[in-house]
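Peer 1: Can you read through this structure? Questions will come right after.
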Amino acid sequence: MAMKKLLWVVLSLSLVLGVANSFDFHEKDLESEESLWDLYERWRSHHTVSRSLGEKHKRFNVFKANVMHVHNTNKMDKPYKLKLNKFADMTNHEFRSTYAGSKVNHHKMFRGSQHGSGTFMYEKVGSVPASVDWRKKGAVTDVKDQGQCGSCWAFSTIVAVEGINQIKTNKLVSLSEQELVDCDKEENQGCNGGLMESAFEFIKQKGGITTESNYPYTAQEGTCDESKVNDLAVSIDGHENVPVNDENALLKAVANQPVSVAIDAGGSDFQFYSEGVFTGDCNTDLNHGVAIVGYGTTVDGTNYWIVRNSWGPEWGEQGYIRMQRNISKKEGLCGIAMMASYPIKNSSDNPTGSLSSPKDEL
């Protein structure tokens, strides 16, 4: 118990430091073209963004438009704020093409065939805690970054598998997204999108998945490395789908384990989200895979989901976003209740191999 409390203190401190170290700007930075250029140069330095001279002028114009969007939105009375993150000199179309699937239309894959068991094990759950945070319970690894690869589906899958494995074994092991990107090809398409459900099925049928340290992420699609994938570390027994368009059912599932979900993450406010409870403009055109790792309620009574993203720790609240929960639309905010699923693990048993050792535990 003492160790878990210590871990949460460290996490809380990192959240505070992350906010303190985020890139900021002020009214005086918007006063002239020269001050805006200086702001752009500071932003490039902060995020280590390299541009050719010709490209810089084009990107500067995009940056200016994004600065004004962030500035004007933050002046509004909204329960969330935006910031100039690493996407600040990308148009929203470019952002969606790379990070929210519009380039390859992989949101269509989220509507594919379902492989779940057809049952919902949490259907008869009565009451649930007022709040749950699987990070506090030690079931969530550090935030990862998918890079410029449409592999969000793999990251969403891995968060859920890492979570249920920790719940069943009391051991947190970072698992390999790259194995899914390189090797899970029956329905999934690597950096061009995929389905979390199909990834769960792949892990089940294969008998498990290897660790992050054994098969590290490269942010690009490669040939499946057969020498690594047989070193299995964690197995699952299948997966189930949460009843569609039912936030109450989703709540029951998240109260018991992290859950993979698909959302519409293509809006400008989502692109530049910084902190607070996101209530912003979005639709139900599912284009991004994430994972819900908890839920809660603000002091003013706003219900929210704690959503783990895969755009690195500088995006949002140290890589997370709080999204409004229990809205009037049955699909949930940004379609969060439309396609949720989670892995099943019936026992603490895992493959007995070279990777079943303490060295991979976090």
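Any Cβ shown, glycine's included, is placed from N, Cα and C.
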Peer 1: Which residue range, 95-98, 343-346, 359-362, is the one Swiss-Prot calls motif 'Prevents secretion from ER'?
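Peer 2: Here Swiss-Prot associates motif 'Prevents secretion from ER' with the stretch 359-362.
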Peer 1: According to Swiss-Prot, the disulfide involving Cys183 connects it to which residue among Cys224, Cys282, Cys334?
Peer 2: Cys224
Peer 1: For His288 (active site), which of the listed recorded positions (Cys149, Cys191, Cys224, Cys282, Asn346) have their CA atom within 10 A of its CA?
Peer 2: none
Peer 1: Let me spell it out: for each of the recorded positions (Cys149, Cys152, Cys183, Cys191, Cys224), count the other Cβ atoms within 10 Å of that residue's Cβ, using every protein chain shown. Which one has the most?
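Peer 2: The residue with the most neighbouring Cβ atoms within 10 Å is Cys152.
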Peer 1: Of Cys152, Cys191, Cys224, Asn346, which is closest to Cys334 (disulfide bond) if I measure between C-alpha atoms? They're all recorded positions.
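Peer 2: So, of the listed recorded positions, the one sitting closest to Cys334 (disulfide bond) is Cys152.
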Peer 1: Using a 10 Å radius around each Cβ and counting other Cβ atoms from all shown chains, which of the recorded positions Asn309, Asn326, Asn346 yields the largest count?
Peer 2: Asn309
